[in-house]
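Asker: I'd like to ask you about the structure that follows.
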Amino acid sequence: MSASEGEKKVVEENEVPKGGELLFCGATCWDIVGRKKGPAEGNLVSPSRLRPLVGIDIRYVASGCASCHCLALDVEGRCYTWGRNEKGQLGHGDTIQRDRPTVVSGLSKYKIVQAGTGKSHTVVVTDDGNSLAFGWNKHGQLGSGSTKNEIESSPIRCVVSEVKYATCGSDFSVWLSSVEGASILTAGLPQYGQLGHGTDNEYNSKESSVKLVYEPQPRPRAIASLAGETVVKVACGSNHTVAVDKNGFVYTWGYGGYGRLGHREQKDEFAPRRIDIFTNRNVLPPEAIISAGSLSSACTAAGGQLYMWGKLKNTGDDWMYPKPLMDLSGWNIRCMDSGGMHHFVGADSSCISWGQAQNGELGYGPTGQKSSAVPKKVDLLEGMHVMSVACGLGHSMVVVDRANIAERLDQLDTHDGKAVGEEGTEPVNKTPVPKKAAAPKKGAKKADNSKKRKTAKDSSDSEEEQEQAEESDYSDDEVNGEAEVKKSRGGKNSGKGRGKASKMSEPESKGSGKGRGRAPANKNSSKSTPVKSSAGKRGRPKKA
């Protein structure tokens, strides 16, 4: 999620709240986007308007690099959410998917000024410095102080005060506060050290088990090593965090794969560590932009130069430390966000996007390319003033100033989406009604047993697929708080297959005793290529 200085932003917007038109591009099949299977239908490959938000002044949009749901705030502080809702992350009190932006009625008495979204949860900030959250709470990522309810489908209070800004990683949340000595607080899953408290809270589920679990942290806790600093900006990737203090120093911590922490190594960092490049004359200015994607991080430093690090493309070396992105030198970058593997930037009077994409989230249109290794202008938005951008898993949102572009906006496509109750918006986890089984025939007992075994195997396969479905195609390191130490192939565990093979060879070896070394005659295939035995020698067969 991209970040900007919370306090300054809130003050500015209280004085002159200004909104614009929300445009959306990317995937709209919320239940299958980012999962291993399913058709890619309903992708919006060009920036399009959303029918329920046409003409509404949107001033802030949010989505996370692991999120398959979206959030928009209008100038009056109303909160709209839509997308996947299997864990109640939309805040409507149910788990029904919404294809159309819908006002969160549970927040109607609050004025919402800022928000962040995780994989299956959402955190919002009110104008009076309070914070509320809804969605999945298995790891305590809602910051409510308890994990008693795994799913909270309506807004609940977070145990934080004087909040200026909030953002979310996959299964954790971060708040910036104006409380002295506690300017940054975190809650949720500590697996890779992304909470910054110096530990991953790992322990064995049982004494005799190799299964590892990670103790949830449901109460937001200030990061002790940053107690003496005032953190003014923060951004979260799937499992890592980037923060900037008031002196312009940059800190990163959490999962270190692909060099996304910028420390020239892939080691996980359990506590904030300063990036050495952004010191002395290259500290970040107050108006700097920072952003974090699933596998990368970015920020603008002295002179507005954009630096990036981590995994930026599928081929080539990863950037193990921050390097300037020369393609965007000289541009006045106002806003930026990163999704799974794509990036969006609002600069001057252009909108620029690049990265690995599958669902049209770069907005290049039906004749444009799907992905781009280098930053490219979104032609349809050329000449428009971009006010805010947000990237999610397979989708992007842009807010543009309506001044002088009313005719151009009318020419854009408008997406309707399905209403609640229409096909495709029901909860995904419906339990099918079991059909009454017919009475088995007398001779079919044996076959019935094998069928039972097969269905049991199929059901376990489908459970595995369902678990895999939770993992996105883009993020290689998302884990739901439990990890098991698996033995490598070819070890003791793989003895299963061998045992079966040796059993199968038993009757063959018994039958081949006929002619001592002569292969048994095969009447059906006289001309077929002979299959060599595993022993590779003629003569008396080995005893099984």
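Any Cβ shown, glycine's included, is placed from N, Cα and C.
Grabbed the feature section from TrEMBL, which reads as follows:
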type	residues	note
REPEAT	77-128	repeat 'RCC1'
REPEAT	129-179	repeat 'RCC1'
REPEAT	182-247	repeat 'RCC1'
REPEAT	248-303	repeat 'RCC1'
REPEAT	349-402	repeat 'RCC1'
REGION	414-544	region 'Disordered'
COMPBIAS	445-460	compositional bias 'Basic and acidic residues'
COMPBIAS	461-481	compositional bias 'Acidic residues'
COMPBIAS	522-532	compositional bias 'Polar residues'
COMPBIAS	535-544	compositional bias 'Basic residues'
Asker: Mind checking how the repeat 'RCC1' (248-303) divides into helix, strand and coil residues in DSSP?
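Answerer: Each residue of the repeat 'RCC1' (248-303) counted once, the result is 8 helix, 19 strand, 29 coil.
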Asker: Could you give the number of helix, strand and coil residues in the repeat 'RCC1' (182-247) as assigned by DSSP?
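Answerer: So the counts come to 3 helix, 30 strand, 33 coil.
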Asker: What is the pLDDT of the repeat 'RCC1' (248-303) when averaged and given as a whole number?
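Answerer: Mean pLDDT across the repeat 'RCC1' (248-303) comes out at 97.
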